[in-house]
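Enquirer: Quick one: structure below, then a few questions.
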Amino acid sequence: MVGMDLFKCVMMIMVLVVSCGEAVSGAKFDELYRSSWAMDHCVNEGEVTKLKLDNYSGAGFESRSKYLFGKVSIQIKLVEGDSAGTVTAFYMSSDGPNHNEFDFEFLGNTTGEPYIVQTNIYVNGVGNREQRLNLWFDPTTEFHTYSILWSKRSVVFMVDETPIRVQKNLEEKGIPFAKDQAMGVYSSIWNADDWATQGGLVKTDWSHAPFVASYKEFQIDACEIPTTTDLSKCNGDQKFWWDEPTVSELSLHQNHQLIWVRANHMIYDYCFDATRFPVTPLECQHHRHL
């Protein structure tokens with residue numbers, strides 16, 4: 001009987017793993033992504049893929065599938081040296097004018113000055129929810145991991161698994177939350193010298209082109225959907241690992257990490273910008289330290 005009980009237990013675990021393992025994880029670039037524009041500026045070197053920006057074009061890539069909830073991660077080494085005027089982005093987005101979007105935007109700077117990481121969130125086409133911070137390392141010398149963890153409870157932006165921003169689901173407070181549109185995963189590099197560096201005061205020096213961002217360790221552990229209109233596979237009663245409270249909510253240690261990031265590296269938070277928002281956005285009233 002003990003042997004039979006053990007067998008049943010193992011089979012139940014296997015069924016659970018299968019039901020929650022419809023995600024896609026760790027793969028080569030071509031398995032998860034494809035060039036979305038300027039194919040000659042997107043170079044797949046096997047383990048590493050590079051996006052190049054010159055005075056002719058930037059470049060970008062996109063995921064082959066769309067997803068509803070899960071975790072996407074990528075390792076990026078940003079443009080070395082003088083990157084002023086350039087923006088490298090890693091983000092998730094749905095389609096259409098009323099789209100949802102989660103953004104990492106890396107704003108280039110002059111040599112010796114720190115990169116600025118800007119995060120932004122769009123829900124139903126409404127954005128303008130920027131936060132900016134300086135990193136606690138040089139992101140141009142080595143690869144670092146940037147992740148977005150998206151569940152029904154929250155959206156968490158992470159750098160090397162350290163949370164830097166959390167957006168909780170506060171629909172019960174009347175605050176919209178991104179939960180009903182499938183998203184693709186994207187990255188791109190482009191010239192944004194009208195605003196990216198010191199408010200547009202520093203322009204791109206094309207004598208330093210090409211500007212190259214490098215990528216590796218492509219991971220998408222998320223619920224892949226068959227069509228953008230059929231979301232039942234991913235938002236029904238079925239439970240995935242990211243639905244567990246121990247995953248979708250920050251631990252005590254992660255909360256301490258987030259507080260440390262905000263205290264030591266945050267340089268802008270839209271919640272405290274009274275010029276842009278004379279009336280404090282509703283979600284800011286409920287995210288005291290987020």
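Placement of Cβ uses the backbone N, Cα and C atoms for every residue, glycine included.
Reproduced below are the annotations present in Swiss-Prot:
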SIGNAL    1-26  signal peptide
CARBOHYD  Asn55  N-linked glycosylation site
ACT_SITE  Glu101  active site, nucleophile
ACT_SITE  Glu105  active site, proton donor
BINDING   Glu105, Gln118, Thr119, Asn120, Asn128, Arg129, Glu130, Asp194, Trp195, Gly199, Arg276  xyloglucan binding site
CARBOHYD  Asn109  N-linked glycosylation site
Enquirer: Return the residues near Asn109 (N-linked glycosylation site), defined as same-chain residues 6+ apart in sequence whose C-beta is under 8 angstroms from its C-beta, sorted by sequence, else 'none'.
Expert: Ser83, Ala84, Tyr115, Ile116, Thr197, Val202
Enquirer: Please report the number of other Cβ atoms within 10 Å of the Cβ of Asn55 (N-linked glycosylation site).
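Expert: For Asn55 (N-linked glycosylation site), the 10 Å Cβ neighbour count is 10.
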Enquirer: Measuring Cα to Cα, how far is Thr119 (xyloglucan binding site) from Glu101 (active site, nucleophile) in Å?
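Expert: Approximately 10 Å lies between the Cα of Thr119 (xyloglucan binding site) and that of Glu101 (active site, nucleophile).
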Enquirer: If you count Cβ atoms within 10 Å of the Cβ of Thr119 (xyloglucan binding site), leaving out that atom itself, what do you get?
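Expert: The answer is 20.
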Enquirer: Give me the long-range Cβ neighbours of Glu130 (xyloglucan binding site): same chain, 6+ apart, Cβ under 8 Å, in sequence order.
Expert: Gln118, Thr119, Asn120, Tyr268, Tyr270
Enquirer: Whole-number Å distance between the CA of Glu105 (active site, proton donor) and the CA of Asn128 (xyloglucan binding site)?
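Expert: Computed Cα spacing between Glu105 (active site, proton donor) and Asn128 (xyloglucan binding site) is 13 Å.
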Enquirer: Roughly how many angstrom lie between the C-alpha atoms of Arg276 (xyloglucan binding site) and Glu101 (active site, nucleophile)?
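Expert: For Arg276 (xyloglucan binding site) versus Glu101 (active site, nucleophile), the Cα atoms are 21 Å apart.
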Enquirer: What number of additional C-beta atoms lies within 10 angstroms of the C-beta atom of Trp195 (xyloglucan binding site)?
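Expert: Looking across every protein chain shown, the total is 12.
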Enquirer: Quick one: Cα separation, the residue listed as 'active site, nucleophile' versus Asn128 (xyloglucan binding site), in Å?
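Expert: The separation of the Cα atoms works out to 11 Å.
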Enquirer: For the C-alpha pair, I'd like the distance in angstrom between Trp195 (xyloglucan binding site) and Asn55 (N-linked glycosylation site), rounded off.
Expert: 17
Enquirer: How many angstrom lie between the most widely spaced Cα atoms of the xyloglucan binders Glu105, Gln118, Thr119, Asn120, Asn128, Arg129, Glu130, Asp194, Trp195, Gly199, Arg276?
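Expert: Those residues reach a largest Cα separation of 20 Å.
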Enquirer: In angstrom units, rounded to an integer, how far apart are the Cα atoms of Asn128 (xyloglucan binding site) and Asn55 (N-linked glycosylation site)?
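Expert: So the alpha carbons of Asn128 (xyloglucan binding site) and Asn55 (N-linked glycosylation site) sit roughly 29 Å from each other.
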Enquirer: Tell me the coarse DSSP state (helix, strand, coil) of the residue listed as 'active site, proton donor'.
Expert: strand
